[in-house]
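Have a look at the structure below before the remarks.
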Amino acid sequence: MLQINVKKQLGKLALQANIQVPDQGVTAIFGLSGSGKTSLINLVSGLIQPDEGFIRLNDRTLVDMESQESLPTHLRKIGYVFQDARLFPHYTVKGNLRYGMKHVSQDDFNYIVDLLGITHLLKRYPLTLSGGEKQRVAIGRALLTDPDILLMDEPLSALDVPRKRELMQYLERLSKEINIPILYVTHSLDELLRLADRVVLMENGIVQAYDSVEKIWNSPIFAPWKGENEQSSVLALPVHLHNPPYKMTALSLGEQALWIHQVPANVGERVLVCIYSSDVSIILQKPEQTSIRNILRGKITQIEIQDSRVDLAVLVEGNKIWASISKWAQNELRFAVGQDVYVQIKAVSVM
C-alpha cells in the first residue's frame, strides 16, 4: 500500500493530498493542466520534497518531514515513465532495457519484452523507433528495475492518434498482468475509463475526490469534466456466465443480468461498461416479445428537465442508469420520482 499525506507549496499552488493507494491496479491522477498531478507523483519519486507530511510504500518510509527521513530517488524502488521516452540514443533497445536492470531473470526479461510486444525491436536504436515503440521500451525499462510501484506521467500525450491506440492496447494488458500499483497521470477521459481502477480528482492542488472510477464518473462532482450533451453511467460488474453460441456475456446486476458482446473474462471477473442515456428508454410494463435483450426493472430517483429533452435516473439494483426521453413522452406518460419502471438498453459500451 502507498500512503500519501503531504503538503507542498509550489509557487502559488498549495498542493495537499491525503490518500491510500492499494498494492495493485491503476490509480489515475486526473485534472486540468496545472492542478498538481505531476507534482504529486514527483513527490512520490523524490524529485520534489514535501514541506510537511510523509509518504510510505509498503513497509518503507520514503519521506517523513517530521523525523527528517528521506530516501534518495534511486533507493525508492520506483519505476518512472515520462511523457517523452528519454531513451539513450547510443544504446540499442536491448541496451536501454538492461540499463539499471536489477534482480531480473532471463525469463522475467523475456516476459516483459513479450508483454510489451518489443521482441523484434531489441537490436534497433531509438532513432529508428516510432513514438509508441519508444514509450513501450521506456515502460519495459522501468519495469525491469524491479520497482515496487510504477509512475506514469501522461505517457500518451506526445503521441498521434494511431500511436495512442497502439500503445493503449499494451497499457490495458499491462494493467491487468503486473502485480504492483500504477499511478497514472492523465487528463484524458478515454484513458481514465479504459485503464483506471480508481481516480484521484485534483483541482488547484487539492484532492477533490478519490474513489473507484465508476463512483467518480457517476458522481455530481465529475459532471463538469465530462462535457457531454447527454448523461452516461459507468458500471463495474462481475461476469455471471458466457453464452458461446450467441457470443454473448451476462454480467451480474444484483438479481438481474446485463448482456454484452462476449468478452475474454473469467466468471466473477469485473468488467467496466458505459451506458449512454440516448441508448436507454423507459417503459411502464415489461414487453413479452422484443428484440432488445436488456430490459431491467428499477425505480426513478431523479428527473432533470433539459432544453430539448428530459433525463431520468433509474436505480437498478443499486446502480444509477440514465435515460433520455422527449418532453412529449414525459408530458404524456407523467413519469415521477419513486415510480417503478423498466429500462430498455439498446447498446452497452465495454471499456
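Note that Cβ sites are derived from N, Cα and C of the backbone, with glycine treated the same way.
If you check Swiss-Prot, you get these features:
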type: BINDING; residues: G31, L32, S33, G34, S35, G36, K37, T38; note: ATP binding site
type: DOMAIN; residues: 1-229; note: domain 'ABC transporter'
type: DOMAIN; residues: 289-351; note: domain 'Mop'
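Across the domain 'Mop' (289-351), DSSP helix (H, G, I), strand (E, B) and coil residues number 7 helix, 34 strand, 22 coil. In the three-state DSSP assignment, the secondary structure recorded for G31 (ATP binding site) is coil. Sequence-distant neighbours of G31 (ATP binding site) (same chain, six or more apart, CB under 8 Å from its CB) are K37, H187, L201, M202, E203, listed in sequence order.
Across the residues of the domain 'Mop' (289-351), the predicted structure has a mean pLDDT of 94. Neighbour density for G36 (ATP binding site): within 10 A of its CB lie 25 other CB atoms from the protein chains shown. Around the Cβ of T38 (ATP binding site), the same chain contributes D153, E154, V185, each under 8 angstroms and 6 or more positions distant in sequence.
Shown are the binding-site residues S33, G34, K37; of these, the residue with the fewest other Cβ atoms within 10 Å is S33. Same-chain residues that are not part of G31, L32, S33, G34, S35, G36, K37, T38 yet have a Cβ within 8 Å of the Cβ center of the ATP site turn out to be S39, H187, M202.
Mapped onto three states, the DSSP output places K37 (ATP binding site) in helix.
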